[in-house]
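Here is the structure we will look at, set down as structure tokens.
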Amino acid sequence: MASRRSTSPWSVDPISWVTTSGMPVTATLVLAVYGALAIVSERAPSTMGWALQWAALGVLVTAGALIHARSRPPRGLLSPVVVAALSPLMVGGVLLSALGYRGDAFALTLWWAPLAISLLLIAAAPYLRSFAIITLGIVQLASTAVITLALVVPDNPTWPAFTTVVIAITPIVAGTTTSAVLSRSIVRRLVQWSERPLPRPTAGVAGIDDRALAHSVDSEVSEQLASAVAFLRGVAERGSVDESDIQRSRALALDLRHTLLAEATATWLERVVRGHPVELDDPDRLADRLTVAQRTALRAMLDALMAHPESGFVSARIALRASDDLHVAVAMRISTTLPEGRRVTFLAPYYVSLSAAVRDIRWRDGADLEVAFEAAAETPTGRTPLVQRTPRATPAHRDEPGES
């Protein structure tokens, strides 16, 4: 689970960042407008300094354009090569801006370049892992601190050297922290959501609140323990235990153990569809080998079908088979009461989402909707099963005292 959460928001949910791909453009436009206003209002002391400020703005806008270009579908995730190209552009922009102010005690609190760096970090956040964001932020933090000490502090006696550096790097610290927390929290919430069971229809079409969720969990636990509680209450009322009670308690214990083991070893897909008219055929537990992006896309489709009355959902069958060691073949047959045209319109966004996460998707409409695709699976190597099964006891061991 930790490895799944150390990914980027785009990797977890590609469709959301396809539909909100204007984020890098917006951040770059804000950077350009703010930088231009700052340069015009805080004019450098020389023509060369003025030119250097505009050159710095051009370099940082180029970095923003690079983020936008390399995050467009179907690319999405920024590669290490792109990050390696971004870092010197960002450092170069701050350096040119500092050189442009040489010989001038400018208003340090209004220095636009560090804020531009924080905007670029936020623009890249959806397409980078939190570790990569922190690494890039630390590089910019250290570079800006060195540039400030070397070029800004000698010309600005208003503040002590340490205070000057702190003022200069504060926007970068804020941008790095915000971006890393944003990336981490989005990934964590989407991973939790993708594995959470769908709300039961009886909970209401408007969803369930915390109180309703707690009541639902209490009801489920009470249902599991109902037989055992009734048995114990009967024994307590009689005040005695006979041989039939011993046999009954053993049977109840085995049933409860079976129920708890089934709950603990259930795949995420079993938990999602539980309580709904969905037949799941996954004997090899291949659902657990789907990546987070694939889970999110599949979960979104199931959520749309089962949680919204307008979907006309009747039933579904989902089968998973291993096509080879690295891929899982998934076939779905979905029955709804919607006409074909409305059905396609209703599910079109989820088709796009699936297409971004899987390969060879086939979508055939008719009396029932049939969807089939192949998914590049995560390797199970190194994972520890949630429940470890003990070896079956031999007859000799069963007869030994102290064994259960």
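Note that Cβ sites are derived from N, Cα and C of the backbone, with glycine treated the same way.
Bear in mind that TrEMBL entries carry predicted annotations, made automatically and left uncurated.
Here's what TrEMBL has on this protein:
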- 21-39: transmembrane segment (TRANSMEM)
- 51-69: transmembrane segment (TRANSMEM)
- 81-99: transmembrane segment (TRANSMEM)
- 105-124: transmembrane segment (TRANSMEM)
- 131-153: transmembrane segment (TRANSMEM)
- 159-182: transmembrane segment (TRANSMEM)
- 380-404: region 'Disordered' (REGION)
(request) May I ask you to check whether the transmembrane segment (81-99) and the transmembrane segment (131-153) make contact, with contact taken as at least three Cβ pairs under 8 Å and only pairs 6 or more apart in sequence counted? (result) yes
(message) Short question: most Cβ pairs under 8 Å with the transmembrane segment (131-153), which of 21-39, 51-69, 105-124, 159-182?
(response) 159-182
(message) For the transmembrane segment (105-124), give me same-chain residues lying six or more residues beyond its boundaries with a C-beta closer than 8 angstroms to one of its C-beta atoms, as numbers and ranges.
(response) 23-24, 26-28, 30-31, 34-35, 38-39, 42, 56-57, 60, 63-64, 67-68, 71, 78, 86, 90, 93-94, 97-98, 133, 136-137, 140, 144, 152, 155-159, 164, 167-172, 174-176, 178-179, 182
(message) Which residues of the chain, 6 or more past the ends of the transmembrane segment (159-182), have a CB below 8 A from one of its CBs?
(response) 9, 108-109, 111, 114-115, 117-122, 124-125, 128, 130, 133-134, 136-138, 140-141, 144-145, 148-149, 152-153
